[in-house]
Amino acid sequence: MSSRSLPATRLINVGQNGVGRYVCQLARITLRFCKHQASSRGMRDFVENYLVDFARSNPNVVVYVKPHRHRGASIQADYLNGNSHKTRVSKMDMDDICKWIELARTRSGVDIVRKTKNFQTHSPSIQGVWHPFLFKDPSVNLKTFPDSEYGRFEVNEVTATERILQLAERMKQLELEKGEGKSEKDGESV
Amino acid sequence: MAHNRVVQWSTMSRIWWLYDAKYQCPFRSARIIAGYLQGQHKPIYHALSDVGDHVVVINSRHIAMREELWRTFTFSYHTGYAKGFSRTPAWRLHSMEPTMMIEKAVYSNMPGFLLRRKYMRRLHIYPDEEVPPEIIGNVCDQIQQIQKVPKRLDEYTAEEIQAFPKLFDWSEEYVIENISADKPKDTVKAAKK
Amino acid sequence: MAAPLLRHLSRTNVIARRTVLAFSKHNNDMQCRYLRNSKSLPPYLKEQVERRTKVGPEPKRHPSAFGCWNYDAELFAFGKRLGEDFDVDILREAFISRSYIEMEIEERKKVGVKTQIPDTSCNEELSIEGKQLIQKYLKAYLRFNFPYMFEEGICAICEYLMTTEILASVGKLIGVRDLIQSKHYPPTDEEMVDTFMAVVAAVAKSQTEERAGAFVVDFLVPRLVGKDINEMWKLDNPMGLLSAVLQSRGMASPESRLLWQTGCSSIMSLYHVGIYSDKELIGRSPGETLTIAEKQAAKEALKNLMKSDDSRPPFLSSSKVPLKSLDLEKKNPSADLLLKLYSQSDTSAQRATK
């Protein structure tokens, strides 16, 4: 199935958990295993070695241990939002089971689905969002359109005509500076 | 969230631009106008979202083309039937419909997908400076022109022409055709050449 | 609707898989022989689906129905989860709802047991106490956080946080749902709300009132994140209130000015209106029409004056609020009172001019 046909959500923080006080969302965990079968070996090891420590360090999680005769081992995690997730851990060794239980403990219990974004914010812009009049010169408001001056193309370089006029002006100046008083008949010629 | 509603309205609103096409190249202008119609000047631009603005183009009759393009640039069309091919030079099309050149140029400057027709509906072209008041009333800003509007010879006063520096004199035997009674004008013409 | 339907389908899948297993070559069970004909398989599966749909989804069952349930351990974990030390008896009482008592009395009648259950053993009294605590501490916190906000605004935010949906959802996410002793499962929203309030009262009784206040702030105030707190207070005439506020502060009366406009004769018109007092911009807002823009700009100006604008700092955490030394009775200025004062002074000024 392509990701488009699968459901997708935004990133959810259940009830803004952790903004005020953090509440571990795992309510209870049920460990099921067989006392005899080889496939439950890892779970039995976990119960023997780590379960008491786990329960002691997480007093907010109620742990139920349930032997099942001749059934595969499993972990059932019940969350505060009403969801429960079951993981089959038969034939897994103790370390893997530790990891699965750690995952169950740290999860929020929300269904695992594709996320549209990996980030989520409730205040997208503090300084205010962009609008078409942002950074626009207020003097534009006083103009009546069409305004030929305002819409005119601004030339940064000097045009040929302007160059000629400038040269002529300069020559006039030079002639004045020479103080030759009497100018020729065609004084303006270059 | 009433305030958020108006803020979003403001961000996504379409504003109205004016463009004076007087003495402007239609093809280079069209590239600019197409950008505004698609909203490429906005930080919220995205190719698939319709965030373009309105553009009102005036003086489309007075566009300018360089060199011999009025004669050599042609618009071709095929009816789809045999012998249905036609080719119209730019000057002919422009004399028939003075808004057509700009419209065609803008249309061809936009990507050919379904939003193109929507964008084109936000382009308002007027051949002269007369624009209906309900259209010009919407305008709140003007797009800068792309080339300088030249000053025509008849727009200069006689004093200005007289004061213009003379580069050289024609030899006496040089014959200037279409010589008019106005002598100073001819001298300027000669100077420009 | 989608979720139960999906559940049906997955259930039938299980059935189908089992049936297919029954057809396998190694199985010589004679009972399944008629199903070997592939023609009869689809109608069979169809029938399974139809029956399942007719029966409907399975009713939700309490976790104790599945065999693993230790109420004492759950109560202990509940206290640890919230980081509070509860008196177990009070907590136990907080979780007993009225419907549970009624159900118990009926059942005892049926069986013929004559011992009476005291009517006071349910959480009603505690929840009333808890409600007062929540209101008291929430308002005190909000007044501390927004010292310039009007009392009406504070009350509106408090009312929003006290709605059934918010309280029920907060209660659910701290885990009161499975612990409530009620006639129905899952318990109704009202029962969840009552229980949450009773839990607050239980915190106060087991420890101190300030501790309950911190509990309220920690669990209810985060629900305001991402919500527009200024819109919770429905203001009919923001311009009138704004001019009253400005007059009370000795500033010039507000003047609204059109800053920008575009598309005026189209349906997508846009106006930006700014409100000035003493030639200083105190609030601006866009709008579809001039009236809307002006009203919103007045609201923005009020927001700026109340210091509850969008760029305000985030909410204070309960550890940064001196809940012990807070004056719980002190109130912020009232908008209604200000409006009355303003209108009186206005009329007296008119008389004076006459």
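Cβ atoms here come from the backbone N, Cα and C positions, even for glycine.
What TrEMBL says about a protein is an automatic prediction, not a curated fact.
Fair warning: this is a prediction, and the values are worked out from it, not measured in the lab.
Per TrEMBL, the feature domain 'Large ribosomal subunit protein mL44 endonuclease' maps to C:70-202. Residues or ranges marked as domain 'Large ribosomal subunit protein mL44 dsRNA binding' in TrEMBL: C:233-332.
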Over the domain 'Large ribosomal subunit protein mL44 endonuclease' (C:70-202), what is the model's average pLDDT? 92
Summarise the domain 'Large ribosomal subunit protein mL44 endonuclease' (C:70-202) by DSSP state, stating how many residues are helix, strand and coil. 94 helix, 2 strand, 37 coil
Tally of DSSP helical, extended and coil residues in the domain 'Large ribosomal subunit protein mL44 dsRNA binding' (C:233-332): 31 helix, 24 strand, 45 coil
